[in-house]
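I have placed the structure first, in the form of structure tokens, so that the comments after it can refer back to it.
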Amino acid sequence: MQYLPNIVFAIVLIAGIGFFVKNVKKLARNIKLGKEVDVSDNKSQRWKNMAMIALGQSKMVRRPIAGFLHVVVYIGFIIINIEVLEIIIDGIFGTHRVGLKILPTSAYGFLIGAFEVLAVLVFVSVILFWIRRNIIRLQRFWKSEMTSWPKNDGNNILYFEMVLMTLFLVMNATDVHFQDLNSGNVISQFIEPWFSGLSNSTLHFIGRGAWWVHIIGILVFLNYLYYSKHLHILLAFPNTYYGKLQPKGQLNNLEAVTKEVKMMMDPNVDPFAAPPAGTENDVPAKFGASDVQDLSWVNLLNAYTCTECGRCTSECPANQTGKKLSPRKIMMDTRDRLEEVGKNIDTNKGEFKDDGKQLLDDYITREELWACTSCNACVEACPVSIDPLSIILDMRRYLVMEQSAAPTELNNMMTNIENNGAPWPYNQMDRLNWKND
Amino acid sequence: MSELLKVPTMAEFMAQGKQPEVLFWVGCAGSFDDRAKKITKAFVKLLNKANIEFAVLGTEESCTGDPAKRAGNEFLFQMQAVTNIEVLNAYEVKKIVTACPHCFNTIKNEYPELGGNYEVMHHTQFLKTLLDDGRLTIEGGKFKGKRITFHDPCYLGRANNVYEAPRDLIQKLEAELVEMKNCRRNGLCCGAGGAQMFKDAEKGDKEVNVERTEQALEVKPEIIAAGCPFCNTMMTDGVKAKEKEDDVAVMDIAELIANAQDL
Ligand code: SF4
Ligand code: SF4
């Protein structure tokens, strides 16, 4: 029976990690539903972007308060979790504070002391975050797309961190042996008196309890990620790596269209001849995007990475002037639809069965799409290199090239370009008239 | 005055067996829009003044396809692009300058993949090099001490990271450059991009150009400087909507410099 805790621990650990791996696989499969794009170029620039933007959080700090608090929580959380290593070893082997056996007391004390300080810093930052969200009610957290789950999700993680940090400190404060060492209990020594008068066995019980809840909490947190915008703590890295490198104004040229245009313009091609064998595969079934499978896999990775921070939306000129468009909502819709498609595939044994729905209209309305000025403010604002504009553009392409469903004025503009080489109904032969006006 | 404008075409250069230093891509707005034509002329005056051998395509120029592309019509865009590239390549054009950030962006970034490789400059960048090289000088401080704010065109600024050239030019005028609350990479769109110029805006509380004009008026400028014919129209409309047209002028940087010279 003495091994029971070790066995229970191992089971909890394996179950927690196993479930996480399962979800990661599903995540990868869903992202791969997107269309292939070549992102193998410019590796050094990509690594640099990842280091600067994801690791260095260079774009986070453009909003100094949020940026600073975020850096504290980020660094604190990562470093404190070194402690998890000790927890896992202790849990599996039934040891207690194995670090003390390996390190000199002073070194161990230094480490734990640093963790305790960070825990307090994280705790305070998280409280400030909570206040910004719920009391100051920063506008971008109270837009129409931020209801129910997206709203709770943001708070949940804050509560989570508060609890985890508290547990860590309580764990130390109730550890009589650790307190007796009087090394590294920089914060927990002030918490210890709260428990004075309790018997050693009660203290031990509380300490063990905190220890168990702490590790289970971390496993729950890990598995919560998949369902949450907090997936960004993992995906920010690949996402910034694969982020757009070209100038923001450069929109991709559809290759399939290039082929068709070349054919149309080539005087040597007989337009009525049957296409040579094998070429029919070159023409895509669809121009532009009406559902998530038509988007590139980078778009889909973007959707899973979105932190729903709303920096894009708060910079968007359309949104600022009360139009329906919100680039954050574009990303959230894409993720929601992708999840729905993923579940559909799961229930239909690996195959997607038409569910009569699509990203266009069922999630993203045409009104939203047509309100975009392609100004790239959203792309500039995003702290994790997400490009909502490319999704908007691909969906407009579908509307125009597949459905001929552009607003009338735009159709007029396009007819003018086709006929007169200008968006207005002027004659191309008058193009130099300004000279003599 | 206008009869003094020298505007040779590529065809004329070709006929003489010569190449101009630079092709001036006028753009649809610069060719047809009454307000934008003034910008075109101001820029030509500066080119003439600096004795630049330039040429325009004239009737051989066609829309770059920018509004079609951004509206989602990739077919029409590529048809326009390929046609334009054929003309440009036939004239062996190497260097292009344009006063329209949309033309600038499209030719610079989207044409290369389709076979059109040129050195492309926005007219503010080009003017800056002329000043730096001493080929053009600004004298006479008509705008000296005037409060001027610059509206960053999205397709010049964020889209292509050109922020300083237009500002350097304003400073050369010894004017007082005041920045709006949203400027440079945080600039607010004028509302015309992405083919919005050619349609009514979606329902909202406000027009984007009015919002942007309010930001501009907040810094109490005498002049709102623009570097894009579409921004120019949008800001002019915004100023009118705010009934400030008697106090605040909207001018392109090329016009500012040409005016300072009394050209
Ligand atoms: S590119 Fe479109 S969605 Fe993005 S900020 Fe500009 S208008 Fe909004
Ligand atoms: S797209 Fe980027 S800026 Fe917009 S909400 Fe998501 S993470 Fe934030």
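Note that Cβ sites are derived from N, Cα and C of the backbone, with glycine treated the same way.
Residues or ranges marked as domain '4Fe-4S ferredoxin-type' in TrEMBL: A:297-328, A:362-394. As annotated by TrEMBL, transmembrane segment applies to A:6-24, A:65-89, A:109-131, A:156-174, A:209-227.
A Cβ distance under 8 Å defines the sequence-distant neighbours of the transmembrane segment (A:6-24), meaning residues of its chain 6+ beyond its ends; these are 88, 91-94, 215-216, 219-220, 222-223, 225-226.
With DSSP classes pooled into helix, strand and coil, the tally for the domain '4Fe-4S ferredoxin-type' (A:297-328) is 20 helix, 0 strand, 12 coil. The domain '4Fe-4S ferredoxin-type' (A:362-394) scores a mean pLDDT of 98 in the predicted structure. Under DSSP, the residues of the domain '4Fe-4S ferredoxin-type' (A:362-394) split into helix, strand and coil as follows: 18 helix, 1 strand, 14 coil.
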